Amino acid sequence: MNDAITVRNLKKEFKAYSSRSGLKGAFRDLLTRNYKIVPAVNNISFQVKQGEMVGYIGENGAGKSTTIKMLTGILTPTTGEVIVNGMNPHKDREKFVSTIGVVFGQRSQLWWDIAVQESFRLLKKVYKVSDEQYDSHMAHVIRTLDIEPLLDKPVRKLSLGQRMRCELAAALIHNPPLLFLDEPTIGLDVLVKLKIREFLKEINEKYNTTILLTTHDLSDIEALCERVVMLDEGKIIYDGALKSLKEKWGEGKEIEFQFLEDVTLNDLNRITASSEVKWEKDEKEAIFTAFAEDNDELISLLIAKVVADLKVKDINIKETSTEEIIRNIYDRGIS
Amino acid sequence: MFYIAIFFQYVAQYMKTRMQYRADLFVEIFSDLLFQAVNLIFILVVFGHTELLGGWTRDEIIFIYGFFLVPYALFSSFFNIWDFNERYIVKGELDRILTRPIHSLFQIVLERMELESLFGAVTGIAVMIYAGNSLGLGITWTDPFLFFLFVIGGMLVYGGIFVLIACISFWADARTSIMPMMYNIGNYGRYPVDIYNSVIRFVLTWVLPFAFVGVYPASYFLGKEEWFLYSFLTPVIGIVFFGISILTWNSGVKRYRGAGN
């Protein structure tokens with residue numbers, strides 16, 4: 001199968017001016033300016049296959065948006081090679097962009113003053129989509145995203161969630177094989193998020209659409225993507241399956257106990273002395289948490305021991321969440 | 001062909017939106033008319049004090065003003081790029097433009113058109129007819145064609161200059177106040193250039209060729225033979241300046257840095 005995106009040694013540098021302090025400094029800035037070259041994206045390489053859904057994550061300023069903008073032909077790379085859908089995005093820009101769909105969560109693609117369907121109609125002309133194509137494809141999109149009742153309203157009267165669904169539909173008018181989503185669920189409520197996720201899955205299955213997604217909401221990525229590319233300070237620090245990220249960086253499991261009787265930490269430590277477990281007590285709710293390695297036998301043994309000795313009210317087994325894993329990676333760095 | 005079709009799609013859409021705000025539309029046309037009337041009154045006041053201005057009569061100058069209004073109306077209908085820096089660079093709207101399969105400048109022209117400014121062309125033609133009558137000018141069969149050619153040339157001169165100024169935003173971060181200044185300089189083209197000193201004349205002919213929007217092409221219809229060469233240069237200058245501005249624009253877009261989120 002063909003690669004939808006190939007990126008090799010991609011680099012984007014920005015010149016950043018730093019101003020000197022004080023009035024004297026301001027005068028000197030007039031004549032000669034201090035600037036330093038800041039790499040926003042530093043030598044990254046990756047490939048995305050047709051039909052893959054990839055999560056592109058990183059902190060603010062890690063270079064996510066810059067990468068997306070280079071992949072969509074908005075920015076010209078400083079050095080390196082980008083091939084998307086077999087084309088060089090910034091060279092054949094006009095031909096290239098009709099093979100991609102783009103949604104920027106914070107920027108509207110639609111015309112503010114006109115009804116949604118008028119926007120769609122105009123975009124249909126812009127992308128040279130024939131009536132038959134439009135009818136067969138968009139009817140489905142409109143139904144799935146449930147935007148039928150919104151079509152005759154002007155965009156400025158829509159709520160954020162309604163607008164976002166319309167944006168998504170607008171990006172798909174020409175049924176592109178590749179879809180870029182830059183924070184598509186920012187500020188949306190849970191129901192809309194779920195609807196959008198479901199829709200993306202459906203599109204991906206039905207048309208084998210490649211989707212590259214950046215988001216701060218990791219639950220989006222967990223729900224959609226098998227693969228994540230993680231970026232930090234312009235460099236890729238992880239590229240692989242979400243599952244192995246969890247296995248590698250997940251820090252064991254947490255088992256929460258609530259007891260019917262009064263228990264102290266000492267009791268618990270005594271009971272489980274033979275295994276490697278760390279106990280903690282949440283004073284407020286009298287919840288005791290055991291931190292143990294992610295090992296099924298160890299955990300079942302641990303539970304058996306506790307249950308045999310004490311009367312238990314509630315047990316809850318928790319995995320380290322992706323969010324925590326990623327926070328840990330950023331805090332400590334990958335090593 | 002595709003671009004023409006798209007153009008009319010946008011025009012249709014524009015009209016639909018505009019019809020919803022009828023009051024707005026009338027206010028705008030009215031304020032345009034008022035603006036043109038003030039300029040006309042200014043010319044009349046000047047000629048209340050003198051018979052000739054550098055060898056030009058009152059009606060001739062009014063004729064030039066009338067001509068000027070036509071390419072200017074076309075320009076202000078389609079080249080509303082005076083706020084390009086704030087709107088497209090600072091706010092990052094150019095990102096959206098660049099993800100669509102139409103030339104970026106053409107998209108901005110389409111998005112920002114203000115067709116009610118075209119009404120100025122009607123005023124301009126009316127002023128020309130009035131002044132032409134007083135001057136006893138006749139019309140030959142070539143005049144409408146040359147008029148069309150000169151008007152398009154004048155519009156391209158204006159468009160080219162303003163696109164070039166908009167391009168500065170691709171290279172410099174800071175906002176500039178060149179735009180409003182340029183609108184002022186543009187007004188000089190409405191008067192005969194030989195009333196200015198030779199430096200200004202040179203600038204208005206070759207550097208910021210605003211004279212090709214007003215006085216030069218209008219001289220042809222006034223039968224001022226000493227200016228005929230310049231009159232026929234109008235479309236050439238228009239194409240050259242507009243061509244340069246498009247090339248500059250294209251290389252500017254490559255340097256576009258985008259706005260942060």
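Cβ coordinates come from backbone N, Cα and C, glycine included.
Annotated transmembrane segment per TrEMBL: B:25-49 (among others), in sequence order. Long-range contacts of the transmembrane segment (B:25-49) within the same chain: residues 18-19, 58, 61-62, 65, 69, 114, 116-117, 119-120, 123, 127, 190, each at least 6 residues beyond the stretch ends and with a Cβ under 8 Å from a Cβ of the stretch.
Under the heading transmembrane segment, TrEMBL lists B:61-82 (among others).
The feature transmembrane segment is assigned by TrEMBL to B:118-139 (among others).
Outside the transmembrane segment (B:145-172) by six or more residues, the chain places 67-68, 70-72, 74-75, 78-79, 81-82, 84-85, 88-89, 105, 178-179, 182, 186, 208-210, 212-214, 217, 220-221, 231, 234-239, 241-246, 248-249, 252-253, 255-256 with a CB less than 8 A from a CB of the stretch. Summarising the annotation, TrEMBL assigns transmembrane segment to B:145-172 (among others).
Positions annotated as transmembrane segment by TrEMBL: B:199-221 (among others).
TrEMBL lists B:227-249 (among others) with the feature transmembrane segment.
For the transmembrane segment (B:118-139), same-chain residues at least 6 beyond its ends with a Cβ under 8 Å from one of its own Cβ atoms are 29, 32-33, 36, 40, 57, 59-60, 62-63, 65-70, 72-74, 76-77, 221-223.
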